[in-house]
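See structure below.
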Amino acid sequence: MRRSLTSAITISSIGLICKSFLNLGFVPSIRIEGLHHLLDALNDTKRRNAGAGVITVSNHISVLDEPLTWGILPSSHYFSRDTKSMRWALGASDIMFTNPVLSEFFRAGQVIETFRGRGIYQPAVNDAISLLNSGEWIHLFPESKVFQESSKSTTGLGPFKWGIGRMLMEARHPPTIIPIYLTGFDELMPEPRPSPKFVPRIWNSPNLTITFGPHSPQFTETIRKAMLGLREPRHPSVGLGSPVKGGVDGERAQDEVEVEREREESDRLRSLITDEIRKAVIQLGKRALREDS
Ligand SMILES: *[C@@H]1O[C@H](CO)[C@@H](O)[C@H](O)[C@H]1NC(C)=O
Ligand SMILES: *[C@@H]1O[C@H](CO)[C@@H](O)[C@H](O)[C@H]1NC(C)=O
């Protein structure tokens, strides 16, 4: 998609601000590992033009994780007029879309208004799926709120919402999934913090790390297996053509049972897929935090 002029200006200025912040010595150190995993995924134009999206998934340790993390991208990503060069993020309505000016700003910054508590069948998730189907890049914080403890230990990672499970099951082509683990941003923006609320705490000497992991073929395999499971009826005897007792009412009851069964099955698969992604983030986090050494 071609980025509008407003969006192009927003993305390039925020990108440059983030890059400057990271490069001008406001933080004592920043360690970046595995960035090529993301850049290679983004640069796979053949796959993306064929309609396979990219999903990045990370732990969420401060209100600055976004957009500061993207300050490490090559600046060509900020100046491209193609929306594919920058992530689409899901942003909380009650925080980011509280007035028309902010709403316009975040929309221009490729943030999709999301209502927390409205579940996985809301327009934001539908939009994310359509974007993935056109090869766009979606970034998710599946914990959907800040869990700062995960900056120190992977045991601090919160539970993941199932929206990502739905996206992966419903995207037309299996997206490339790049896990990310962040540490140190919590020192920059501790929760809770006194006034001035929106000033980054550079005096805390935050040392940031941003670690990217590879896409694992296992994700695609799990999704494929899960989808196969969904299509196989669990009780073949009540499939089409089998006699149903009780006439029309019996049939209707049977249909309802079937719908209910499918819903439970989809829930189970979404949770399974989401869990798989969470495990990958934990595994990456252990490496980032040197927990396994
Ligand atoms: C992207 O891939 C092309 C070839 O497909 C290559 O020439 C180019 O250097 C790559 N760009 C980046 C930023 O990796
Ligand atoms: C960051 O690293 C510097 C230099 O090694 C150190 O002095 C500082 O205490 C570290 N910051 C935190 C929050 O640990």
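A Cβ is built for glycine as well, from the same backbone N, Cα and C atoms used for every other residue.
Features of the protein shown, as given by TrEMBL:
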type     : residues : note
COMPBIAS : 248-267  : compositional bias 'Basic and acidic residues'
DOMAIN   : 54-185   : domain 'Phospholipid/glycerol acyltransferase'
REGION   : 234-267  : region 'Disordered'
**Q.** For the compositional bias 'Basic and acidic residues' (248-267), the number of residues DSSP places in helix, strand and coil
**A.** 20 helix, 0 strand, 0 coil
Q) Quick one: DSSP breakdown of the domain 'Phospholipid/glycerol acyltransferase' (54-185) into helix, strand and coil? A) 55 helix, 27 strand, 50 coil
